[in-house]
Amino acid sequence: MRVIIEPTPEAASRRAAQMIARLVRQKPVCTLGLATGGTPLKMYGELIRMHQEEGLDFSRVKTFNLDEYVGLPPSHEQSYRYFMQKNLFDLINIDVRNTHVPDGRALDFEKYGDRYEQLIVDAGGIELQVLGIGADGHIAFNEPGSSLGSRTRLKTLAPETVRDNARFFGSENAVPKLAITMGVGTILESRRCLLLAFGDSKADAIAATIEGPVTAQVTASALQLHREVVVVLDEAAASKLARREYYEGVEDAHRMLESGKLPWIDEA
């Protein structure tokens, strides 16, 4: 697990966007896994800028979102389809037919979950999965206690998740209590994962995810089992990491490798 610590959310978002842009440029036909919420917004803004100013081409990219509220139509302002159209898809040259957000109005969620999984397989699997993290360490809507081998399915939202999301709906009563979500097992099948976290409120969850035990009570901790995870943090989210000095040393080593300059060899 590679941990990158940037001074601000803006700098961290730019760093994350650069990683996605590098993939899209190197492999124009690729499949991205995307997330919603406040955390990736600045990253999406930077990708939009790269498209508009640098010609970053999304015309052959496919995307799969992590989750969607049950019962909300795509036109609802709090649906994740609406979020993605407003904050990314409508502002880049992606083919909307290549974008996938779970259908929160499916009639048979068990069959629909299997179908969503098959769509991912048919697309060649997810090359890079973007993730946020909840204050309790959940990823997607895989709440504490979710199976670490879970697949795309219907999930009941935890009370703390409902409370966290009430600010978007005006009240807790208005928040959907069910969602369809990729499972932890689904996420772990992505070839690479990119986890973003900003702010003091995420510091405990990040410390548990990176340095704590692998446990279903912190579903993001399952990322320790993945072969290629990059975690991009701001200073606040990194504030409770015990091994920060080591992570910064790893980053220094990456920069040296990328530059081709190894001081201990140059000085020999």
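Cβ atoms are placed via backbone N, Cα and C, with glycine included.
Features reported for this protein in TrEMBL:
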| type | residues | note |
| --- | --- | --- |
| ACT_SITE | ASP67 | active site, proton acceptor |
| ACT_SITE | ASP136 | active site, for ring-opening step |
| ACT_SITE | HIS138 | active site, proton acceptor |
| ACT_SITE | GLU143 | active site, for ring-opening step |
| DOMAIN | 10-225 | domain 'Glucosamine/galactosamine-6-phosphate isomerase' |
| SITE | SER146 | site 'Part of the allosteric site' |
| SITE | ARG153 | site 'Part of the allosteric site' |
| SITE | LYS155 | site 'Part of the allosteric site' |
| SITE | THR156 | site 'Part of the allosteric site' |
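The shortest Cα-Cα distance between ARG153 (site 'Part of the allosteric site') and any of the active-site residues ASP67, ASP136, HIS138, GLU143 is the one to ASP67. For ASP136 (active site, for ring-opening step), the same-chain residues lying six or more positions away in sequence with a CB closer than 8 A to its CB are GLU143, PRO144, ALA158, GLU160, THR161, ALA205, VAL218. Taking each of the recorded sites SER146, THR156 in turn and counting other Cβ atoms within 10 Å of its Cβ gives the largest count for SER146. DSSP assigns LYS155 (site 'Part of the allosteric site') to a strand. Nearest Cα neighbour of HIS138 (active site, proton acceptor) among the listed recorded positions (ASP67, SER146, LYS155, THR156): SER146. If you draw a 10 Å sphere around the CB of ARG153 (site 'Part of the allosteric site'), it holds 22 other CB atoms from the protein chains shown. Note: the Cα of SER146 (site 'Part of the allosteric site') and the Cα of LYS155 (site 'Part of the allosteric site') are spaced 9 Å from each other. In this structure, ASP67 (active site, proton acceptor) is part of a beta strand by DSSP. Counting Cβ atoms from all protein chains shown, LYS155 (site 'Part of the allosteric site') has 23 others lying within 10 Å of its own Cβ. By neighbour count, meaning other C-beta atoms within 10 Å, the densest spot among the active-site residues ASP67, GLU143 is GLU143. Here the Cβ of HIS138 (active site, proton acceptor) has 26 other Cβ atoms within 10 Å, regardless of which shown protein chain they belong to.
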